[in-house]
Amino acid sequence: MSLDDATVPGPTVDPTSPPGAEAAARRDQAVRAAIEQGLVSPENPLAGLIDVTGVRAAATALRAAFAGVTPPGTPVLHAFAVKATPLVPVLRLLREEGIGAEVASPGELALARAAGVPPAHTVLDSPAKTPAELREALALGIAVNADNSQELARIDALVRSAPTGAPLGVRVNPQVGAGSIGALSTATATSKFGVPLRDEGAREWLVRAYLDRPWLTRVHAHTGSQGIPLDLLVRGVAAVYELAEEINARAGRRQVDTLDIGGGLPVNFASDEADPTHGAYARLLKERVPGLLDGRYGLVTEFGRSLLAKQGVLLARVEYVKEAGGRPIALTHAGVQVATRTVYAPESWPLRLAAYDAKGRPKQGPAVGQDVAGPACFAGDLLAADHPLPRLEAGDHVAALDTGAYYFAQHYSYNSLPRPGIHGFAARADGTVRFATVRAPQPVAELVAEAGGGVPDALDGL
Ligand SMILES: *Cc1c(COP(=O)(O)O)cnc(C)c1O
């Protein structure tokens, strides 16, 4: 880890400023310092920056949100969805803030373990777990949610062959419908996830599955990610709560003791304000599903995007500017490799952009519609089209905001573009910005090695 200090003007936030203004001030300060310190430079024209203060505050707010609506002593595990930001030091920072990990592949489990997340704070949820993954999770005592009846049969065999302390549950698809982004809606009638609760005979099958297996103590649902309205999220949670109540009534005991309500709180990509907040969601759950939060059930949550999206920014240098067909175009170094969803599905994933000058100062001037393009070789590689920003010049910088989840840590290696460096920052009121490297920029040699560079003649003899 490299720690460097730089002195730049401290954030100036007027106490009457809108929510999110402090985060925006920290971001401006970090952008300036990243350029001054050479984290973004002509040689290194792209980097991801993570606001450590913001991560800590988001974790604290999440814990407070659910502590505020449950009786003291109610067990609550907030398991961060690792796929949102699969970076070990970030998982470690969250762990220090009392947040566990939701993992969905052997790789994600390995990241969580490398970060020191204890098995008791880890939940495994993927839809296609192999026998080896299930065996490992049960041996470690990691909570597992079975996706389907065939997976449950595999777990049956494992439970018979060796006792496990792992809390076990079933993922249910409450089939409450889709949000505004089809590909991220997991509770449609035909979703690939979980046991479909409303299909004919499914509810009775589920209740029997629990009654036949006294070790099934959890019910899980995750209704979707970005684009799911709060009302739909709440209805998905209500469906699993009602199922748990029915199982417990039929069992005549509190067999189901923990409800895993998934993640999916949508993020506001339109301003610096976190809206809705975890607090608002927790209060709505309290109002609409009071029995869920009265202390009879332990809770697991699996938020990803809502914890980290606002804590990250992608900072790219403008290499050239040009004009075509009357449209100004800025050619930058951030495109499909770091903003894959935005580039391929711009309607669903618009990003806020901010312009900074060559020294990293917020760029002034009248807003002009311009295309902000990435470095990849296809025409659609745009962060935004006809986007209003002060007119960009070569050597300026563009920041893609709210990219702390599902963006820079999920590299897409189109055009063999290297993974950019990712740096955590702490911007302090005294004007000091300290950076620590979370992931170094990928050297070209590594890229070559990953592309079979070690065996150039592998195909020669075929
Ligand atoms: C992706 C995922 C999450 C996290 O979703 P967010 O929208 O990032 O909160 C939680 N649980 C499961 C099972 C997931 O697949």
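Just so it is clear, glycine is given a Cβ too, placed from its N, Cα and C backbone atoms.
The active site, proton donor annotation in TrEMBL covers Cys377. The number of other CB atoms found within 10 A of the CB of Cys377 (active site, proton donor), across every protein chain shown, is 10.
According to TrEMBL, the domain 'Orn/DAP/Arg decarboxylase 2 N-terminal' annotation covers 75-308.
Taken through DSSP, the domain 'Orn/DAP/Arg decarboxylase 2 C-terminal' (310-404) splits into 7 helix, 45 strand, 43 coil. Annotation source TrEMBL lists domain 'Orn/DAP/Arg decarboxylase 2 C-terminal' at 310-404.
Lys83 (N6-(pyridoxal phosphate)lysine) counts 22 other C-beta atoms within 10 Å of its own C-beta, drawing on all protein chains shown. According to its DSSP assignment, Lys83 (N6-(pyridoxal phosphate)lysine) is helical. If you look up TrEMBL, you'll see Lys83 marked as N6-(pyridoxal phosphate)lysine.
Residues or ranges marked as region 'Disordered' in TrEMBL: 1-25.
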List the Cα distance (Å, whole number) between Lys83 (N6-(pyridoxal phosphate)lysine) and Cys377 (active site, proton donor).
27
